Amino acid sequence: MVAMKGVIPKTGPFFVAALRLLPAGALLVAFAAARGRRQPSGWAAWVAVAAFGLVDAACFQGFLAEGLQKTSAGLGSVIIDSQPLTVAVLAALLFGESIGAIGVGGLVLGVVGLLLLEVPALSVEGNDTAIWGSGEWWMFLSAQSMAVGTIMVRWVSKYSDPIMATGWHMIIGGLPLLVISVLNHDPALNGHLQELTLNDVLALLYTSIFGSAISYGVYFYNATRGSLTTLSSLTFLTPMFASIFGFLYLGETFSPVQLGGALLTLVAIYMVNYKSIVGEK
């Protein structure tokens with residue numbers, strides 16, 4: 001989040017989103033091929049990978065990049081990583097994963113926390129509500145895309161190796177973002193690449209290699225096994241790091257209402273996963 005936030009003004013949001021996906025996807029496909037993992041085979045496999053790429057790569061990264069322009073990296077990360085709440089509901093409905101009474105209470109608390117986080121999204125101008133101009137709203141849409149993508153990976157893995165499918169879904173999802181970047185006249189594609197500093201280039205490499213290739217590969221490989229709810233709950237650590245580094249490097253702070261919403265959301269995520277945590281202990 002912090003690395004993306006720093007370079008978006010110089011490169012454009014959709015360029016960063018595309019660059020985060022395309023090289024990383026190529027790296028994952030090459031890695032999986034070198035390890036002898038099977039390619040998607042047949043129309044059903046490619047339809048599944050393409051749908052996965054549209055939802056989890058194109059929508060997730062596109063909404064994320066758009067939202068980061070209008071909100072802080074720390075707050076955006078908290079909203080993004082509220083997605084375990086959605087994963088818990090979908091996993092319970094589709095796969096029969098149980099979260100217990102405390103988990104249900106966590107879901108209710110999570111909704112309250114998200115509402116507090118989304119307060120700035122309802123900026124009223126006269127009689128009009130400008131929700132689409134809100135970074136928090138785009139982050140919320142990004143979180144739901146990631147949650148649905150987490151659920152989809154089990155379906156996709158029926159047709160293809162999960163690491164190979166993850167790589168291809170990043171490539172497929174990155175292509176429309178690159179087209180949007182061109183149509184959006186992002187600065188990076190209009191002669192401003194030479195303005196990037198060494199730190200900017202390193203930030204872009206970090207978001208692609210560590211923030212996508214490695215993290216996506218590990219995350220979706222593990223999403224094919226074990227509890228989806230427990231796995232997705234690990235992402236609640238992300239906003240803590242994003243908030244710390246956002247404060248240190250970007251001077252970002254939360255409003256009191258947003259801070260309360262962030263804390264409630266983190267508590268809610270713990271409650272949703274309480275049954276799994278106690279069971280593992």
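Backbone N, Cα and C atoms are what each Cβ position is placed from, and that goes for glycine too.
The annotation domain 'EamA' is assigned in TrEMBL to 2-117 (among others).
If you look up TrEMBL, you'll see 134-273 (among others) marked as domain 'EamA'.
What TrEMBL lists as transmembrane segment is 12-31 (among others).
Residues or ranges marked as transmembrane segment in TrEMBL: 43-64 (among others). Residues 4, 14, 17-18, 20-21, 25, 76, 80, 138-139, 141-142, 145-146, 148-150, 152-153, 155-156, 158-160, 165, 168-174, 176-177, 180 of the same chain sit 6 or more residues outside the transmembrane segment (43-64) yet have a Cβ under 8 Å from a Cβ within it.
Same-chain residues lying 6 or more positions outside the transmembrane segment (85-117) and placing a CB less than 8 Å from one of its CB atoms are 75, 78-79, 136, 140, 143-144, 147-148, 150-151, 154, 227-229, 232, 257-258, 260-275. Annotation source TrEMBL lists transmembrane segment at 85-117 (among others).
Taken from TrEMBL, the feature transmembrane segment covers 137-156 (among others).
Marked as transmembrane segment by TrEMBL: 163-183 (among others). Remote same-chain residues near the transmembrane segment (163-183) are listed as 12, 14-15, 17-18, 20-22, 24-33, 35, 37-40, 48-50, 52-54, 56-62, 153, 156-157, 189, 212, 216-217, 220-221 (criterion: CB distance under 8 Å, separation of at least six residues from the stretch ends).
Look at TrEMBL and you will find 203-221 (among others) tagged as transmembrane segment. Here the transmembrane segment (203-221) has Cβ contacts under 8 Å with residues 3-4, 6-7, 11, 16, 19-21, 23-25, 27-28, 31, 150, 153, 162-163, 165-167, 170, 196, 231 of the same chain, all six or more residues outside its ends.
As annotated by TrEMBL, transmembrane segment applies to 228-250 (among others).
Per TrEMBL, transmembrane segment is recorded for 256-274 (among others).
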Overall pLDDT for the domain 'EamA' (134-273), taken as the rounded mean: 82
